[in-house]
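TrEMBL annotations:
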- 9-30: transmembrane segment (TRANSMEM)
- 87-106: transmembrane segment (TRANSMEM)
- 118-141: transmembrane segment (TRANSMEM)
- 147-163: transmembrane segment (TRANSMEM)
- 184-211: transmembrane segment (TRANSMEM)
- 239-260: transmembrane segment (TRANSMEM)
């Protein structure tokens, strides 16, 4: 039996993304079944008092790590907690930036003239390298919490949707009266899929590298600021697995989102295997 490689890759990557999103939704709706009632359960250990989570051990039995106790962060809650935080921030940022960008782009395309040119010039400036500085500035000013990251990413990401929407509406000038939310969703679907992974990657960088959350008890289990960025101390402390496994877990999602986006935009030739 011969299999179309491109269709197979699209199916596999779509299935993986669907399962990630399904687990995310189930963890919100039925947290009592998946083990993460709230994100604070992932931070049951205390800073500076010598209590630290123990790394996995086959001799202890893997079932030991499917829950949370007072002095230990278990593997499954760490994975789900990371998923819950990163996806919440990612989806909120994607929604805000896309809605704002499409709305501004639509008005620019409809009004045209000097207003359209001004929007394009300003947007191109903020969608170049300086947009990263804008995000960092917002992160610095905003309080270190979820809303701060959401505002920062939305501010930095909306220019991309402004430029995309201007092009989209310009290309459909003759059919402007026939616009519907279905056509808009269809036109922007490839961008949404791309940004599922891209924005998740930005969230992961912000949280896991610890340059934003100066308080080690704020939300994300990926923050290692309490170790002052000393990798050797971090590894020797025995908490490495609390970060490495969730980081790998999130990275898999980012990779499959990028793969799906690539395949939907042409990607692999229609070869068979």
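Note: Cβ is positioned from N, Cα and C throughout, glycine not excepted.
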Ranking 9-30, 87-106, 118-141, 147-163 by Cβ pairs under 8 Å to the transmembrane segment (184-211) puts first 87-106
Take a look at 87-106, 118-141, 147-163 and tell me which one has the most Cβ pairs under 8 Å to the transmembrane segment (9-30).
-> 87-106
